[in-house]
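Chemist: This is the structure I want to talk about, given as structure tokens.
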Amino acid sequence: MAAVGPPQQQVRMAHRQVWAALEVALRVPCLYIIDAIFNSYPDSSQSRFCIVLQIFLRLLGIFVSSIVLILSQRSLFKFYMYSSAFLLAATSVLVNYYASLHIDFYGAYNTSAFGIELLPRKGPSLWMALIVLQLTFGIGYVTLLQIHSIYSQLIILDLLVPVIGLITELPLHIRETLVFTSSLILTLNTVLVLAVKLKWFYYSTRYVYLLVRHMYRIYGLQLLMEDTWKRIRFPDILRVFWLTRVTAQATVLMYILRMANETDSFFISWDDFWDLICNLIISGCDSTLTVLGMSAVISSVAHYLGLGILAFIGSTEEDDRRLGFVAPVLFFILALQTGLSGLRPEERLIRLSRNMCLLLTAVLHFIHGMTDPVLMSLSASHVSSFRRHFPVLFVSACLFILPVLLSYVLWHHYALNTWLFAATAFCVELCLKVIVSLTVYTLFMIDGYYNVLWEKLDNYVYYVRSTGSIIVFIFGVVMFGNGAYTMMFESGSKIRAFMMCLHAYFNIYLQAKNGWKTFMNRRTAVKKINSLPEIKGSRLQEINDVCAICYHEFTTSARITPCNHYFHALCLRKWLYIQDTCPMCHQKVYIEDDIKDNSNVSNNNGFTPPNETPEEAVREAAAESDRELNEDDSTDCDDDVQRERNGVIQHTGAAAEEFNDDTD
């Protein structure tokens, strides 16, 4: 079999995309029905039976719409085929009824629907129009239900019988009989088709039930829901639902504005346009489904924004592509936390604008998490191309300027409250992170112009990063207090309390725990280094070797292990932070009271200074060691700094976690 060429692949790809778009479009009406049911309320003035019946019908409508929403593609198409066939049959019956029995039927058409004449009033033109209409209904009915052989012709003839009675001008009671008989035959045929398909429907339902139960037992509920979410393309359905809803509302409002202003111009004034936008935004988040739809639209915008920034700064990290997931989740959490859909229209607009400000700061934090690894990689790899550095520096400058501008605008339009305090704190925190990143970037760039090892570089990086981490931790504690004040005195809710617990755990407890663990590990590593003897001066020149870790020469001093291997103190400290063995021979790095005979192990290149045994070198070096490393002469996560120098940076991606405490 010949291989499929690129044109055929493109055709198949286009065919799949068309079917996928059609599938999404067919699922959208289910969301409209569910949204309409949720936005309608039963009339309390009716009897209890009527109220119970309405509630039952509402639940039944939600259940059926939900089932149709999650149907497979084949089952969904079959459902719409049968539904369309039944709709055509009902329309055909209604047309025959009104055309045959209502004398002023066409006058009713002429006085409705903007006065458009849909059919001619009398004569052969009327008969031909009715015949064509019934033929269209009949052919569509038998095609959708896949009725073959002579039965399809009989059904079409059955639909044309009332029209024939109208053409021959039969008496009214005979025409009534013909319409009733035609409707009865069509109804019986529909019931017969349903009875034939009932067996298929039963086995299909049973198969789906067994399949879902099997998947639930093997993979669990979470994976089952994720698979359904992806299979039905639920984010695309939400986007189409929200965009079509807003478009329909915009069309209606535009028509109302034009009628109110009594103008035929397509354009409207700026004030009317602003009112139109505000009304669309207010109605675009008036229910939980519309909030989900707005979240899906925000997800699409954030996704392409993240891809654009990644392409601009030249990053290829896969974890940085999660902006399209973080932004909508944060927006939806903020909407639930503040009760956005349940507020009055004026309050809803104000609350939505505040939530969007917090969302903007969160997106900027996430973008900083995307930019920082690229910035550190460029500086540590000593890339001197201006075209590689400019995009990252430009994005970093924007990340510093935008929070400042946002804070300036907010402080000039709002009075001080807990929400403004939270937004300002997030902006200041982002500016601080940018300053820390640019400072570390500058230090690494300065180090790139040195030909020797800058041993104090890691200490400076440690001071900068630790200072920034401490300030960020203080911001987290302050924001927790701000959220506690808001929950107790302004607007407390279970969702807010839950989010505060998450904030306290992730941004306060875990951050403090990890910081303390890092400090203790570094302290232990420093103590191990300080227990090793130091060699410097003339003995260092006699070694004539390089450090086995960084491959740089010994210029000022070196530490000697019990196995007589020499390393830079800084390099060995980084190694001991990972494991407690010698990088060369993998023996334990420790000093005992009585140093054992290690004469069988020499230094890095087998050299021993003349007139000196290895034991004497160790004892003399230990006696002459008068400089100890301080506990703060180390970096924040030394292994991370070494990775930065090699251009391999771990992406944190923690911008969204800092907003678990979003307040009013």
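Each residue's number is its place along the chain shown, starting with 1.
Heads up, the Cβ atoms here are built off N, Cα and C, so glycines get one too.
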Chemist: Of 227-266, 307-346, 347-386, 547-586, which span is tagged zinc finger by Swiss-Prot?
Modeler: 547-586
Chemist: Any idea which of 20-40, 293-313 is down as transmembrane segment in Swiss-Prot?
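Modeler: Feature transmembrane segment in Swiss-Prot: residues 293-313.
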Chemist: Residues sitting near the transmembrane segment (390-410): Cβ under 8 Å, six or more positions beyond its termini, same chain?
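Modeler: Apart from its flanks, the transmembrane segment (390-410) reaches 309, 312-314, 357, 360-361, 364, 367-368, 371, 374-375, 378, 420, 423-424, 426-428, 430-431, 434-435, 437-438.
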Chemist: Using a Cβ-Cβ cut-off of under 8 Å, list the residues of the same chain that are 6+ residues beyond the ends of the transmembrane segment (420-440) and lie near it.
Modeler: 354, 357-358, 361-362, 364-365, 368, 371-372, 375-376, 379, 396, 399-400, 403-404, 406-407, 410-411, 414, 461, 464-465, 467-468, 471-472, 475, 478-479, 482-483, 658-659, 661-663
Chemist: Taking the transmembrane segment (495-512) as the reference, which of 154-174, 293-313, 469-489 gives the largest number of Cβ pairs under 8 angstroms?
Modeler: 469-489
Chemist: Please spell out the DSSP helix, strand and coil residue counts for the zinc finger (547-586).
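Modeler: Helix (H, G, I), strand (E, B), coil: 8 helix, 8 strand, 24 coil.
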Chemist: Does the transmembrane segment (154-174) reach the transmembrane segment (85-105) with at least 3 CB pairs under 8 A, where each pair is 6 or more residues apart?
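Modeler: Checked: the transmembrane segment (154-174) vs the transmembrane segment (85-105), in contact.
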Chemist: With contact taken as 3 or more Cβ pairs under 8 angstroms (pairs 6 or more apart in sequence), are the transmembrane segment (125-145) and the transmembrane segment (293-313) in contact?
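Modeler: The transmembrane segment (293-313) and the transmembrane segment (125-145): touching, no.
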Chemist: Six or more residues beyond either end and a Cβ under 8 Å away: which residues meet both conditions relative to the transmembrane segment (85-105)?
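Modeler: Distant contacts of the transmembrane segment (85-105): 130, 133-134, 137-138, 140-141, 144-145, 159, 162-163, 165-166, 172, 175-176, 178-179, 182-183, 186-187, 190.
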